[in-house]
Each structure stands twice: as structure tokens, then as C-alpha cells.
């Protein structure tokens, strides 16, 4: 497997970002682009000492590095990308491992993977996450809550939100289970909550004759078997590179039996339908309610989407999705293209500006998360 210079690796990252087919099969049909996807495969795994689970759960993260700051940051080298995409796995018994990865590119024939190698904080402010009129919608009634796409949103026992992305897998934000130094309290016994009717008769008690009242719901919990967190988050906590990797995957102990939403590579903001994104989460100012919102993307970098969707702590970890045309299957399909991370106050031309931020699923992140889910890179060739 021949190595290539680091400059060529940077060129590959750029090609992954822009080297795609035209996103429109017709002016009124925004279409999922086709990307040339890399492969991220484990190279070696070593055991680590058990963590102390001493961190306090953070329902949001903040950063002073805004769009212009991030745009001025150089793309990672091959060695840096390998370091950031290496990951820790935490198991239900408290043990953990660290896995180093290699980055590959599929050969044009599709018969195998070619290795690509090389030669070698802000001012504190009160956080405001509601912009003008509160445009969030609380979702009521089992006919909505238990149906797609709202049924893909789940609650973490640490207080965040997650999204079902496979039969046994939940995508969420890394800061919901790890503060960048160690795992948060309760992560060893992490559970995922699924909304279901509180009563078997359809949502109301036997003595409740008020048909206009919404059905009462409760959470049914499933334990988590293991979690994956990228080292880019763990090693990046001292600076703003960590926010680019604020995502984690949870594997449940048993299948959830609900329809899930697939992940996809995030298209450029200008190719999103209406330039908008959507997500649903369990904002902590509306306890027990699933809250849906949509809004325009205001800015973007290679790794982040900046928007002003109304949100509160607790919504962190929500899957950011869009609905676009799938040319191969000739149908519309929603996909998760990012993970809602948190809130930022940044300096914009000398004036403070606040944003809510989502981590984009880039081609490399897609390859990593897909491998965590599938365990076979050949099943991860369509982003």
C-alpha cells in the first residue's frame, strides 16, 4: 500500500467536500449528492484504566471561536486526522479501550482499500438560545410522537437528546457523556429513553373523560452496551478543535424495534432545501416534551453549521436532518447530516453575535460512524 504526501491528503479532503455530482436532478428536487468516500479502519486497540466517572454532565458547550476563526484554521494533516478519528470505547462493565485508525481510499474497481499515508477561550456571557419569538413546537399526541421522524428522537439518562441511526445505535453529542477529560457521572449505567403511552388504553386513565387532553406519555429505558467517542473530542478540549468532534455513538443492549434515520454526508448549506435544517430534542425548559424546530443555516465551516434555531440545554445531541431526493431509489429521504452541539458567543466584526452550532457529518466522520454501526467498510460506500 503506497504512501502519498500530506499535501495530497489535504487535496483529498477538499475533493470529498466539493467533488460530488450535481445536487439537482430538477430545479424543484434538491438531490442527495454522491461523494467519493474514504474508509476509516481500526489498526490497533489497547486497554485503558477504568475512568472515575467524575465529570458533571454538561447539557451544552460553548466556544469563542466563530465562523471566521474556524475558517482560518488549516485542514488537518493525515497524521492529525488519524489522531482525531482514533477513538475510545467504554463498555457497560466500566472497562475501556483506545483504538488507533488508518484512513484509506477505495480503489476505483471497488475491490479493496488503498492506504493513504504521509512521510511524516472566550469572555463569559449569559447564554441566550431563543432568538426573538420562540419558534419551537412541542409535539403532542402518540400519533405524532410514535411516528417517524419524531419517533427517532430519544432521551439520554444524562439529560441530553439522541437520535436512532440503526437497529441498536444512537447518535448524540460527545459532551453528553464525556467532558473532554473524563466520562460524566452516570455514563457507566447510561440508559436511553423511548417515549410510549403511559396507559395501555391509548394514553388516558380509566377515569379520565377529557378527550381534549393530550395522551400521557412515559419513557421506557434501555441500557447502553458500549459507547464510542473520537479522540478529537477528548484531546481537543483545551482548544476549539474539540468542538469539531463533539459526537458519540451509543450501542444499546437490545434492538429498539423502531424506524431509524440513516446518517448522510452534510451537503454545502447552499444545497440544503431552502437552506434550512430540522431537529427535535428534549429541551429542559419543557420537561417531558419533545420539541421540534427548523431554521436557516447562517454560516458554515468544513466541520460546523452555524444557525439560530431556538434551543435550550437538553436539546444537545439532537440529530440535525434534511429531506432530499434520492436519485437511485427515486424517492424522498431524510438523513442525519449533523449533531446539535451547543451555543456560541463570537466576535463578528467587533460586535458580539450568538449562534447555535451543529457538528457536520463530513466524509471522514461518515466513514467512522458508519463503521462503528456496520462493522464492515463495504457497507459504508454510500453517503
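For all residues, glycine too, the Cβ spot is worked out from N, Cα and C.
Straight from Swiss-Prot, the features:
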- 175: active site, charge relay system (ACT_SITE)
- 240: active site, charge relay system (ACT_SITE)
- 316: active site, charge relay system (ACT_SITE)
- 160-176: disulfide bond (DISULFID)
- 93: N-linked glycosylation site (CARBOHYD)
- 207: N-linked glycosylation site (CARBOHYD)
- 109: phosphoserine (MOD_RES)
- 108-127: region 'Disordered' (REGION)
- 1-19: signal peptide (SIGNAL)
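Structure coloured by features recorded in Swiss-Prot.
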residue : record                           : Cβ neighbours (10 Å)
93      : N-linked glycosylation site      : 9
160     : disulfide bond                   : 29
175     : active site, charge relay system : 29
176     : disulfide bond                   : 32
316     : active site, charge relay system : 33
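Comparing residue 160 (disulfide bond) with residue 316 (active site, charge relay system), their Cα atoms are 6 Å apart once rounded. The CA atom of residue 93 (N-linked glycosylation site) is located 19 Å away from the CA atom of residue 176 (disulfide bond). Annotation note: residue 160 (disulfide bond) sits in a coil segment as assigned by DSSP. Residue 176 (disulfide bond) falls within a helical segment according to DSSP. The DSSP secondary structure for residue 316 (active site, charge relay system) is coil.
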